[in-house]
């Protein structure tokens with residue numbers, strides 16, 4: 001009895017709104033850390049289960065903890081910490097995105113770059129338009145139509161953001177490299193595009209909406225995308241040059257690791273300070289650091305950075321899903337919402353339907369267009385089964401959707417507007433449902449539809465370059481063409497130009513590899529290709 005009373009007192013203190021001072025904050029953090037450890041243990045025990053992944057485990061545990069807190073506080077609270085979208089964007093998201101760029105298999109990612117960009121950019125606009133128009137048309141039919149034009153447009157951006165974290169946990173990079181690169185790449189670009197589009201929508205003045213405004217939104221997006229990418233690459237190159245020139249490892253490997261971590265975080269915060277896309281900046285910074293800076297540190301620092309970045313990303317992912325599970329039972333939002341059960345179910349059904357249709361509207365057409373543009377000699381086309389897997393894997397919604405919804409419909413995580421509270425609760429339900437149901441079925445779906453995917457991709461898309469066409473001569477960058485006759489040089493140029501037109505992505509990669517070996521790696525570090 002005494003232990004139960006102590007536990008109840010502890011939970012009630014942790015669930016308080018924070019008015020109790022620093023001691024309450026310490027109790028909350030202590031309890032949340034304990035629950036995080038519980039998630040790690042549960043995830044380890046369920047590692048071999050093909051139906052459950054880390055995301056589902058954290059969601060379920062978060063929901064159970066939410067029920068316990070709800071009962072012990074007699075219905076006053078259901079979570080230990082209050083969600084803050086600024087906390088999410090500033091502290092939780094950066095390590096996840098940076099590690100994704102740092103660990104990515106660059107060859108697969110850039111070989112599929114145009115397809116990834118099409119999925120991630122055009123897909124958001126197509127899906128966003130369908131969700132916005134569908135909500136505007138269907139919400140009044142279920143008795144819910146009190147939103148403004150900007151709110152409907154914001155819903156399009158909110159529910160067009162796929163869940164990169166959950167998707168990456170479902171698909172294995174080593175077993176299905178090309179499929180992973182497409183889903184992973186779409187997820188990162190999709191998140192960045194959705195956030196940029198959301199911010200552009202918030203600044204819109206609907207009363208003055210004209211064609212010029214739409215063009216300005218597109219121009220702003222392209223500007224943010226380009227400048228954010230350049231900023232991330234620049235900071236990554238600066239880090240690589242400093243590590244190569246000063247050689248920190250001769251005195252302390254700790255400084256090497258610290259510099260890489262701090263420069264990565266600086267890239268994200270500098271992008272936010274300049275009102276750019278921090279997601280894109282830190283992602284490309286991670287790619288550049290893994291390509292150059294990682295080779296300029298000692299062997300022990302290489303092992304340390306690889307594991308410490310992966311560990312921070314893993315903890316952040318678990319934190320996100322654990323909180324979403326607890327926040328699903330936030331009694332304050334459910335009390336504020338005045339909609340009937342029938343209306344709430346109708347809103348939920350409409351959102352799920354529009355998410356499904358939004359994915360269909362661009363995944364299959366863009367995949368077909370990509371197959372047509374790549375030609376017969378580029379690589380294995382995106383088969384229909386691959387398209388279904390890509391469509392399904394992107395159905396999950398996560399913390400980015402919740403953060404954007406909180407940003408649009410609450411003030412510091414709290415709202416007194418019943419309509420806005422309904423949108424928040426509906427967003428939480430959609431995230432919970434898609435992560436549990438779609439995430440639960442993704443692994444069996446991949447196993448059922450692509451039983452030989454692992455062996456086929458391992459043979460056809462290794463990280464090395466085994467294709468004979470990888471080694472064709474490129475006289476534009478070759479230093480030996482002067483020794484040959486002009487006729488031979490011209491013939492080589494024609495053959496290379498023909499190959500470039502036939503296999504553009506592959507050819508650009510070959511040119512970049514030669515340029516990288518000759519000019520970039522001698523300055524910024526890294527082994528040369530053979």
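In case you wondered, yes, glycine gets a Cβ from its N, Cα and C as well.
Remember, TrEMBL labels are computer predictions, not curated facts.
Residues or ranges marked as transmembrane segment in TrEMBL: 26-46 (among others).
Annotated domain 'Cation/H+ exchanger transmembrane' per TrEMBL: 46-446, in sequence order.
Residues or ranges marked as transmembrane segment by TrEMBL: 58-75 (among others).
Residues or ranges marked as transmembrane segment by TrEMBL: 87-104 (among others).
For the transmembrane segment (116-139), same-chain residues at least 6 beyond its ends with a Cβ under 8 Å from one of its own Cβ atoms are 109, 145, 147, 152-153, 155-157, 159-161, 181-182, 185-190, 192-194, 197, 225, 347, 350-351, 353-355, 357-359, 361-363, 366, 369-370, 390. What TrEMBL lists as transmembrane segment is 116-139 (among others).
Under the heading transmembrane segment, TrEMBL lists 179-201 (among others).
What TrEMBL records for 221-243 (among others) is transmembrane segment.
Marked as transmembrane segment by TrEMBL: 277-295 (among others).
Proximity of distant same-chain residues to the transmembrane segment (307-325), defined by a Cβ-Cβ separation under 8 Å and at least 6 residues beyond the stretch ends, is recorded for 32, 35-36, 39-40, 43, 54-55, 58-66, 79, 81, 83, 88, 92-93, 95-96, 98-100, 102-103, 165-166, 169, 257, 261, 398-399, 402, 428, 431-432, 435. TrEMBL lists 307-325 (among others) with the feature transmembrane segment.
Look at TrEMBL and you will find 345-369 (among others) tagged as transmembrane segment.
Long-range contacts of the transmembrane segment (389-409) within its own chain (CB-CB distance under 8 A, at least 6 residues past either end) are made by residues 83, 85, 88-89, 92-93, 119, 151, 154, 157-159, 161-167, 170-171, 179, 182-183, 186-187, 190-191, 194-195, 198, 202, 320-321, 323-324, 327, 355-356, 359-360, 363-364, 367, 382, 415, 417, 420-421, 423-424, 427-428, 430-431, 434-435, 438-439, 441-442, 445-446, 449-450. Look at TrEMBL and you will find 389-409 (among others) tagged as transmembrane segment.
Annotation comment: TrEMBL describes 421-441 (among others) as transmembrane segment.
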